[in-house]
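Engineer: Here Swiss-Prot flags G75, F80, A126, E127, R143 as S-adenosyl-L-methionine binding site, drawing on sequence analysis.
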Amino acid sequence: MKDYFKEGLEKIKVSYDENKMEKSLKYLEILLDYNSHTNLTAIREEKAIIEKHFLDSLLLQNLLKDEDKTLIDIGTGAGFPGMILAIFNEDKKFTLLDSVRKKTDFLELVKNELALNNVEVINGRAEEIIKDRREKYDVGLCRGVSNLSVILEYEIPFLKVNGRFLPQKMIGTDEIKNSSNALKILNSKILKEYEFKLPFSNEDRLVIEILKTKKTDEKYPRKIGIPLKKPL
């Protein structure tokens, strides 16, 4: 698996060292073991996990800036993209948030096993923890989950003014077009769209770079359940 992972990293032009490689493969080992008794991901084959979780998450690596010091991954699941990015960026602090206890228990295990001092795991919801963390983060992360107009309402309030949100999406959806109202209300705008291909399957991936231009009204995010039922 090591050679396969190295080849993938080289194809997507992400640099690595032996420490990052060792921790990533340990993460893979823990995930495979945990997933055998607790369903964290439907992808179960080693090479598929490396490409569709690890390398897919690391498509963000070259979009991160030196000045990006605090990042939040909302709905992180089994830790993608936040945990693998934390392994590759020990100088940056990552908050991994998920409301499902079995997932955050797993993430705590990974954090402790890999001695990742730059990772904070929180079991909870964005609407519950925003009070103490409003406009505290440089970068917001989220892979796939929810419609863009919904996840914008969760993510943008956490970002500092001039902070960026880097959602990962599938190419060919109407989500961008349908998110114009949410972007306006939350004082944010799309800077750029990046199209990538996964290194082995050649599957298309999209990363959207969104800038927070001004403070967000403190009534956002709305109470639990409302963003999903009544998107902006």
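Placement of Cβ uses the backbone N, Cα and C atoms for every residue, glycine included.
Note that the structure is a prediction, hence the values are computed from the model and not measured.
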Engineer: Look up A126 (S-adenosyl-L-methionine binding site) in the DSSP assignment and report helix, strand or coil.
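Structural biologist: Note: A126 (S-adenosyl-L-methionine binding site) is helical by DSSP.
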Engineer: Non-local Cβ contacts of F80 (S-adenosyl-L-methionine binding site) (under 8 Å, 6 or more apart, same chain)?
Structural biologist: H53, F54, D56, S57, R143
Engineer: State, in Å as a whole number, the widest CA to CA span among the S-adenosyl-L-methionine-binding residues G75, F80, A126, E127, R143 given in the record.
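Structural biologist: It comes out at 21 Å between the most distant Cα atoms.
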